[in-house]
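Can you read through this structure? Questions will come right after.
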């Protein structure tokens, strides 16, 4: 819940001096990306900008305090301020900020700028007191903000010092408007106006000039002089002399003598008590001071000129001038040290009564009242956790003595979930085990439903650690003891059960459990678990061979992401990745590539290690097109990631599949030998992870001529795939059986395996799995078509596969990889002119791309060089091959294709 006063423009008071010379400059602010107003405290930064803001419609205001160093809090308020400026235009960004569903601040700002790009009018965002930000993460995010903000947005920052935002570049590009303390200082005319508005008896011009010179136009000093001048002109002179040369750091003594000691005891006590509040209203003042009418007291203090200012048009919220607030807090610590804890407790109660647990926690921490902190957490911690207030909760956990945690074991559970949510998996069991042991020693009984919640969390940790049997046991224990109100833990335990069943190959039960998880998660609005359940359903359906149903389930997941604004969660990449994998199966390669690239965009704000699966997908698409060079480039990136991170078996298996197929196409037996010597061999074959890894092993063995070992593996895989109805794995296994039987001369069995694979493909829709087997597959399909034994559907699929294999070979030729050129030059029928031609590898590539119908610009884009460079290559190859134009080049390439047995 956001505090309204932090998003309210300060109210422009009637007796303020209109800073016309500075307002003229600010009226040009729409021509700049950044307006930077810097000065020490008390020079009128906020007052000036509030005067200017009064005439602006599309303006948002964000007043900072120390708590805004939490990135999540900063983001929520900043987006809320821009929502005010745009009348609620940035709905998606607001939801992301409220639910903390973004990778980091730059990722959130990127989404914000997409929405703001549709807003055509000028926008102004004011951030006051930026000097309070000391979190480098926020500074870095604001540097990103300044680099990428829309042209129609102007950011205005008020700060006591130069912020760490890299403004030098903006200054050079004349996109920075700066106002500093010298310009903010009052001139003679403004000083005269200032005193005329505050004093019943006017000062003459010479006196005003002298007073202005004495304090160098410092607005706060002028205000203090005005307070003294109400007593006598001599008092004003004495104040001016005393303030001459003083700065904010040495103002305390003056404020004690000339302000605090000049007010009545009740006002003094009111000022000191209320100083602990960062913002205040009637209810908070009543709670803190015991006065019956807090609003009346606030307005009276304002009339006395005691450095208090309204924060909104309604006059409900007030705050002290920052300089005076700092002074009062310091005096409160000295004069009311013994009462201070009680004051903070009262403030915490006041904030709780108004529905702001975050502010209440701030005061409970300041009071050092861990019992109160514990009580607040017991009431509000899970709400804060579900709103991703993780850093605030972590601070609370660190402040609570361990003994108090044990007195409230549900807070131990919260502490463990904090570790889990921050991926500190190894700490979770340690925290829970230590707590259970300590509670047993103290003979404190743990409620059965709480133990069940412990087990649900432990089950998730066990699943993350690759221990499905332990996870299953814990999940079952949890579900048996959880109460109806333990919704979150029930969702977790049900999901874990579904994952375990999936790993065992019990796909029908796994699907039912994941559908149950989705229903529970949707009912209780735990949207990220609903998304997780849909992703798991898609994977299970794909394993069952129901790819069309998996595709439709993915559509439901995309819809959930759009509805709940989950685009920046890593699970969005998971969805895009499995969509890419499914589209690849169907040989919809352009769409598969697009999905993988979108997945990489989602991951742009995360560690590069997470890119492995999407890069593998891009490599598979290149491989299926016949562009083996590009596939190898992607594979090199994958191998670099594998060497620098720990990955789930499924991830490694996918990349290993790519490796082995490339080694097969290049007859790289030495690489296969090295890999076989060190690769893991899963204990079971009951799920698609393990089936895939054993297929990789069998393919490597076929490459090395280890046919008996490969056949033994494939027999085992097929037996389990048939028993468990792992239809997609059976489809893949049969294609590998076909390869094996062909190599060992069992042509009849090879044909039977291929026919069954084509039959299963009627259900799975597989195309690319056939295509990557290359010319050997094409040869067998041609024979099957000639036999005229295929059904109409299977015949259509076989013809489609043949076309794609043909296109794959054409692509290989178009790119003229080195192995193809070597084969061509050693062909006995190659013309002497070609054999003796000094064509470079790049010129061969250009010739192939000309044949494929590429224009000069397209060739340049494909090879990532300038068009002029391509023209030079074309001129050279024409000269070397004795041809005159593009048509002759195409004819020459076609003759070479036919000579190599590629009938295109």
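Note: Cβ is positioned from N, Cα and C throughout, glycine not excepted.
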State the residue range annotated as DNA-binding region by Swiss-Prot; the candidates are 836-855, 856-875.
856-875
Counting across all protein chains shown, how many other Cβ atoms sit within 10 Å of the Cβ of residue 43 (ATP binding site)?
26
Using the Cβ center of 39, 40, 41, 42, 43, 44, 45, 46 as the ATP site position, which other residues in that chain lie within 8 Å, going by their Cβ?
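In sequence order, the nearby non-listed residues are 160, 181, 184, 219, 220, 323.
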Restricting attention to the DNA-binding region (856-875), give the mean pLDDT.
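When the pLDDT values over the DNA-binding region (856-875) are averaged, the result is 87.
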Enter the number of other CB atoms within 10 angstroms of the CB of residue 45 (ATP binding site).
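A count of 24.
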For a quick check of packing: other C-beta atoms within 10 Å of the C-beta of residue 44 (ATP binding site), how many?
26
